[in-house]
């Protein structure tokens with residue numbers, strides 16, 4: 001890992017400063033309590049779904065196996081940022097080490113990419129269940145489901161490995177302040193001593209792909225699902241099909257809606273406050289809401305959770 005040098009001297013600085021949410025000491029304590037409660041509720045909600053799927057034999061199907069893995073992912077996704085955020089609320093220095101910063105950077109983006117791949121995998125499962133119901137048992141076998149799960153994890157964690165290794169080996173100069181609550185690539189690249197346009201171009205090209213490719217796949221899957229549902233003659237059949245997809249669509253809308261606001265809005269490039277709020281929504285609040293959405297809209301999951 002390269003050292004962090006100031007322009008005036010070559011003294012080594014041990015890390016970066018994450019500003020987080022600057023406010024009074026009382027405000028910091030209030031935010032600490034608020035996010036502690038959100039974090040604990042997120043862990044409890046997603047862990048409950050995992051346990052319900054594990055112990056209810058009726059939920060040992062590809063749809064719920066994917067959901068259990070997704071909940072496991074959400075636990076680690078929120079853990080990649082919130083514990084450090086909570087520590088910063090109580091810290092006077094708000095320093096994060098080089099290794100801590102780049103580890104957080106890697107896990108946050110890798111887990112986020114894995115989430116996109118899982119959402120696409122779940123959309124594929126719903127497409128098969130509705131558009132190919134007779135072939136569903138022969139296509140979505142246990143072996144296929146296992147490969148789908150492993151593929152999501154492997155792709156998500158390999159995607160950003162090389163760009164993050166390259167960025168972590170660069171030298172950083174001047175201010176070490178990151179106006180965010182996590183190590184975001186934009187502020188990090190702004191602190192490099194020498195502007196590496198090639199690295200920035202590679203990162204800019206690679207970063208959107210785990211978002212865009214699964215999103216296009218999800219939209220294509222649901223376009224086919226919608227076409228198939230509209231051909232169902234009975235209203236009860238249509239309602240059942242929409243209920244099957246409703247929870248997943250709600251989760252996709254929450255996650256991709258906030259991410260598109262973050263990376264699609266021109267104001268998000270300039271306003272640090274907007275960046276923090278939107279990042280907070282898809283990195284902290286979405287993992288909290290997902291168990292609620294799945295438990296409220298899915299009768300089998302609701303019964304399993306009540307039994308658990």
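Using N, Cα and C of the backbone, Cβ positions are placed for all residues, glycine too.
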Problem set entry | Feature transmembrane segment in TrEMBL, mapped to one of the ranges 170-193, 242-265 | 242-265
Exercise. Sequence gap of 6 or more, Cβ distance under 8 Å, 3 or more pairs: do the transmembrane segment (145-167) and the transmembrane segment (64-83) meet that?
Worked result: yes
Exercise. With the transmembrane segment (211-230) as the reference, which stretch in 64-83, 103-124, 242-265 has the largest tally of C-beta pairs below 8 Å?
Worked result: 103-124
For this session: Sort out the residues at least 6 away from either end of the transmembrane segment (242-265), same chain, that have Cβ-Cβ distances under 8 Å to it, and list them.
Result: 115, 119, 122-123, 126, 129-130, 208, 211, 215, 218, 222, 225, 229, 274-275, 278-279, 281-282, 286, 289-290, 293-294, 297-298
